[in-house]
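What Swiss-Prot says about this protein:
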- 1-154: region 'Disordered' (REGION)
- 107-133: compositional bias 'Basic and acidic residues' (COMPBIAS)
- 194-250: region 'Disordered' (REGION)
- 195-206: compositional bias 'Basic and acidic residues' (COMPBIAS)
- 210-225: compositional bias 'Polar residues' (COMPBIAS)
- 226-284: domain 'PWWP' (DOMAIN)
- 234-244: compositional bias 'Basic and acidic residues' (COMPBIAS)
- 412-431: region 'Disordered' (REGION)
- 447-579: domain 'ADD' (DOMAIN)
- 599-877: domain 'SAM-dependent MTase C5-type' (DOMAIN)
- ASP606, GLY607, ILE608, ALA609, THR610, GLU629, ASP651, VAL652, ARG653, ARG856, SER857, TRP858: S-adenosyl-L-methionine binding site (BINDING)
- CYS675: active site (ACT_SITE)
Amino acid sequence: MVESSDTPKDTAAVPKCPPPCPEASPAEPLPNGDLEADGAQWKGTEEGGASPKSGRPEEDETESLADGETGRALENGRCTPKEGLDAPADEGELAPSDPQKKRGRRKLLEATEKSKEEKEENNFDSLKMEGSRGRLRGGLGWESSLRQRPMQRHTFQAGDPYYISKRKRDEWLARWKREAEKKAKVIAVMNVVEETPRAEPQKEEEASPPASQQPTDPASPNVATTPEPVVADAVDKNTSKSADDEPEYEDGRGLGIGELVWGKLRGFSWWPGRIVSWWMTGRSRAAEGTRWVMWFGDGKFSVVCVEKLLPLSSFSSAFHQATYNKQPMYRKAIYEVLQVASSRAGKIFPACPENDETDTSKVVEIQNKQMIEWALGGFQPSGPKGLEPPEEERNPYKEVYTEMWVEPEAAAYAPPPPAKKPRKSTTEKPKVKEIIDERTRERLVYEVRQKCRNIEDICISCGSLNVTLEHPLFIGGMCQNCKNCFLECAYQYDDDGYQSYCTICCGGREVLMCGNNNCCRCFCVECVDLLVGPGAAQAAIKEDPWNCYMCGHKGVYGLLRRREDWPSRLQMFFANNHDQEFDPPKVYPPVPAEKRKPIRVLSLFDGIATGLLVLKDLGIQVDRYIASEVCEDSITVGMVRHQGKIMYVGDVRNVTQKHIQEWGPFDLVIGGSPCNDLSIVNPARKGLYEGTGRLFFEFYRLLHEARPKEGDDRPFFWLFENVVAMGVSDKRDISRFLESNPVMIDAKEVSAAHRARYFWGNLPGMNRPLASTVNDKLELQECLEHGRIAKFSKVRTITTRSNSIKQGKDQHFPVFMNEKEDILWCTEMERVFGFPVHYTDVSNMSRLARQRLLGRSWSVPVIRHLFAPLKEYFACV
């Protein structure tokens, strides 16, 4: 029973549970914090014999507990007596007090967790309830509370991805909800607690409060309090809900959960992603003005500023074709985001008919192109409105990943050789690369400007301090990662004829293209502003035409200093890029003139018989020329131009050891397997071990069959050719099989066209400098017919595609005739490659068919350069 005393009204109010009757068992603390008397009726007797009314305490009263055990029973903030619990009779009634009760009251005012109820079982004090006078902490707003406990901030750096299984996600969610409920109870205690001034100084008890109950007043840290039952229940539920389901990203900047966006990270193109809740990442909440983004393609998470995000509807401005052509992960990301976008917009793309001969990756590529065209057209007919996430996807706890982000066809993208990896490490890559902070490069360059560091000690491409060699073009260092990127991308060109990536870092999305028609280099805005100086990129944009830092008259531009000997350094860079060491090839001494015999040649993937043409030009007698070729047009050209001296044997896969023994022995084996599935320019490439890439192993097989047996010391030579723009891993594998490192030769030194190629072989002097002859046509004008004017001194690499004839960023035709632009004629292309005029003019072939033959052929001056030493070994005319 709770009685009123005549104590002053400013004392603390304390709830008391009356003692049970002798017949009743003592109250036991229940697991949920309720105090229950099993069937017993609690009674209290006043001196006047008045019996109090039965009922519950008023809801606006807040009571303190002095009893330690009862305090533990009330640890969860609930006190729920049974119906037999008596309530105070009348707040105005005064009960007599004795000194013993006064001593009990003083102890209650200083009560802590330590138990005192056993000593004062039958001496309960009744204090006047003053709940209406109490002040609720946090009632004016939690921001003004003295007990603010800001959440610890955990910064997040993009790194290893989080692949969340359903089981693990459920475990995390359950754990976070338990933590939120626990925190909610603490907040409820702190929000509803009543401040009660102390009546007189009291002696503090040596006890500590329970972990779940926070001190309410700095002056009295040991007073353990609990909220009034009904209020605590309501606050518990509300606070738990607010802590667990508090809305995210409510900063008025848009881009809520579930929206499809483009995000920009330094060193990467704009990448598609999806805004997700913080709990999905397993990290802390994103700060105001930032969003958690889950990237398509690799499933990683990053915190990105709102300023670095664009809606997916900005597809035409954010989509980067060069990155799409090069990086398989980017293609996969585009495929996935457009799958989700088409699903939301209700756009259905017709399925491509599949049969046994249709490659799944080609089907995916066709569908992807259809979706990209739809996206570039503005996501019609629904437009950007149709890309908004449905209501269920805005729920942060909705499991949309397994249902919405399925990628059955995306897996058909066979992972080709690793492309440029701009300063970021992923677990999918075979090597773990160094993660460089966004500001590392800027900080190091600043130190160079302050003369605190040597620029040769840092990688000017990415900012790494793990320098392994010098940059071949500019003063500065280069790390191993950027070296591999440079090897892959230095000779990769877009459809406009310019390099696909920055000359310095082999990255960047926004690049400046040189205005010199004979230069094809690009520089990204980031490198220009960082190394040349702030604002240099804008100044270059305003300058028209702008000559880049490789062809400009000056050699120094801020910290960007061009090496004077860069041509030879670039040559040595590709000549000495070998991470594998092999024994030098066997050197054969020259054969005396009287002992020289005609050469016997096995040409695999022969094309239009460039090898035989060069041997004839050099005057070397050819005894036998066996060629493996499957293209009918190429066979026709070879048969007509060489009067049937070539023996065609069909598909290389059908040539056996028996055939080699029958046709041999051979003195020279040459070939260049198709590069379609090796070149990183091809977005659908399959690599060395699939598609046409596997044909390299046919060359390797027949090369070993044709080698001289042990004891046969006759000179034996071989040559294998392929593109420079191949993956580092593919080049490494080819070198490992051939037990030789390649040399890189660019035909621009001896012809009017760029054409960089790798050559493996044991021909003498393959590493010697490439020198032009008097008969080589080094300028495009020398290759043109009368009355035609060349607009460029050299053309870019001519391929099998018709648009490879166009030059420059504006796609100009290379020739000017009759005051009009014109393409190269077939006879002019033949001169560019070094072939005789009308060499491919057989069988009424069209212009495009002739260009396809030339686009797959070798450059005649380059092969002449490689074959020239053979005159010391074989008979000549």
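We count from 1, first residue shown onward.
Cβ atoms here come from the backbone N, Cα and C positions, even for glycine.
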Here the recorded positions are ILE608, CYS675; which one has the lowest number of other Cβ atoms no more than 10 Å from its Cβ?
CYS675
Between ASP606, ASP651, which of the binding-site residues has its C-beta surrounded by the fewest other C-beta atoms within 10 Å?
ASP651
Going along the chain, which residues six or more apart from ARG653 (S-adenosyl-L-methionine binding site) have their CB under 8 A from its CB?
LEU695, GLU698
Validating a neighbour-count step here. Other CB atoms within 10 A of the CB of SER857 (S-adenosyl-L-methionine binding site): how many?
26
Average the pLDDT scores across the domain 'PWWP' (226-284) and report the rounded value.
68
Just jot down the residues in the same chain as THR610 (S-adenosyl-L-methionine binding site), at least 6 apart in sequence, with C-beta under 8 A of its C-beta; none if empty.
PHE835, SER857, TRP858, VAL860, ILE863
I'd like to confirm something. Which of the binding-site residues, ASP606, ILE608, ASP651, has a Cα closest to the Cα of the residue listed as 'active site'?
ASP606
Among ASP606, GLY607, ILE608, ALA609, THR610, GLU629, ASP651, VAL652, ARG653, ARG856, SER857, TRP858, the record's S-adenosyl-L-methionine-binding residues, the widest C-alpha separation in angstrom comes to 22
